[in-house]
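A.B. asks: One structure, pasted below without further comment.
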Amino acid sequence: MEAAADFLVKRNNVLNVNPLVANIDITTAASDWLWAVFAVMLASAIGLLAWGHSRPIGERAFHELAAALCFTASVAYFSMASDLGAAAVPVEFVRGGTLGENWVALGVTDPTRSIWYARYIDWTITTPMLLLSLVLATGMPLSQIFGLIFFDIVMIITGLLGALTPSRYKWGFFTFGCVAMLWIFYVLMFTARKSATLLGSDYAKAYTVSASVLAVLWFVYPIIWGVADGGNVITPTSEMVAYGVLDLLAKPVFSFIHMMQISRLDYARLGFSSSKVSDGAHQGLLHEKGPMSQSATPRPSTVVGDGNAFHNAPATQAHAQPQVAV
Ligand code: RET
């Protein structure tokens with residue numbers, strides 16, 4: 001019995017296998033928490049994938065996107081729980097007291113803090129996916145979606161550059177990131193909302209719920225950055241708890257709320273179709289199955305450029321279009 005308890009306490013040996021890189025770094029308790037977040041992300045990815053596969057083949061795109069972003073996060077959390085994916089960066093503000101260490105007494109003149117670049121790699125991949133999942137359900141023109149994704153990448157990469165900068169110039173990068181985020185909020189609040197309204201009141205309602213949840217959560221990230229990566233006010237362990245809770249809310253919880261909203265909607269109204277190449281592949285598959293299916297499938301219109309599928313085609317026509325798996 002005692003041996004079992006001993007094993008449970010000592011089971012997380014990560015910090016001995018992959019040693020800490022910085023003076024100000026995580027604890028084993030933080031690693032335990034990160035393993036828990038890893039497990040939830042992975043379980044959510046599997047759950048979302050299963051949910052998607054319980055739906056007809058043309059109505060799985062959002063579920064697969066959500067599953068993929070949770071899976072990506074699980075890899076990032078595997079990395080952080082294993083104490084991998086961080087770089088030591090000298091802090092701008094030495095706050096010995098708050099961190100429970102007196103660095104000067106310890107003889108450390110230039111204390112470093114762990115900056116978890118693994119997290120920014122995750123966000124570079126997953127935040128565009130979250131935005132896509134939101135705005136693809138609004139019928140917003142592709143050209144504007146590209147702009148939105150561009151500023152999202154600017155926001156995350158400037159956050160990474162700022163975090164890796166030891167001097168006060170980090171706040172310059174942070175400012176770029178905040179401006180990019182404000183632009184994203186502007187597009188979500190006006191352009192995307194207007195598009196969703198044109199699709200119908202049910203789409204508008206679903207969009208408002210999902211977009212509000214997303215915006216409130218995203219707003220907290222730069223605050224955590226300011227007191228963790230940027231200002232070195234809170235410990236890396238508290239940083240892991242704060243970002244971890246936020247990531248759980250912004251990925252699995254947001255995704256489940258968003259999927260519940262859009263599962264109820266009529267996919268046909270989005271006018272989705274595959275790109276020309278996959279249309280061809282799709283038709284080829286039909287051809288292999290026999291001449292009957294080939295003749296029954298005219299090429300559906302493709303949604304590109306500034307044309308909103310819904311704006312271009314009246315609803316009745318959109319409904320009549322053949323459904324292609326997306
Ligand atoms: C940074 C610092 C630079 C300024 C701003 C930031 C915002 C980050 C956001 C991240 C969202 C992450 C999500 C992860 C999901 O798991 C990069 C912290 C504005 C909004 C949703």
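Note that Cβ sites are derived from N, Cα and C of the backbone, with glycine treated the same way.
Not my notes, these are from TrEMBL:
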type	residues	note
TRANSMEM	33-53	transmembrane segment
TRANSMEM	65-89	transmembrane segment
TRANSMEM	120-138	transmembrane segment
TRANSMEM	145-165	transmembrane segment
TRANSMEM	171-192	transmembrane segment
TRANSMEM	204-228	transmembrane segment
TRANSMEM	240-260	transmembrane segment
REGION	283-326	region 'Disordered'
A.B. asks: Pairs 6 or more apart in sequence, C-beta under 8 angstroms, 3 or more of them: is that satisfied by the transmembrane segment (33-53) and the transmembrane segment (240-260)?
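C.D. replies: Stretch pair touches.
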A.B. asks: So which residues does the transmembrane segment (204-228) touch in its own chain, when a touch means Cβ under 8 Å and the partner is 6 or more beyond its ends?
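C.D. replies: Residues 130, 134, 137-138, 159, 162-163, 174, 177-178, 181, 184-185, 188-189, 192-193, 196-197, 234, 236, 238-239, 242-243, 246, 249-250, 254, 257-258, 261-262, 264-265 contact the transmembrane segment (204-228) from elsewhere in the chain.
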A.B. asks: Among 65-89, 171-192, 240-260, which stretch has the most Cβ pairs under 8 Å to the transmembrane segment (120-138)?
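C.D. replies: Most Cβ pairs under 8 Å with the transmembrane segment (120-138) come from 65-89.
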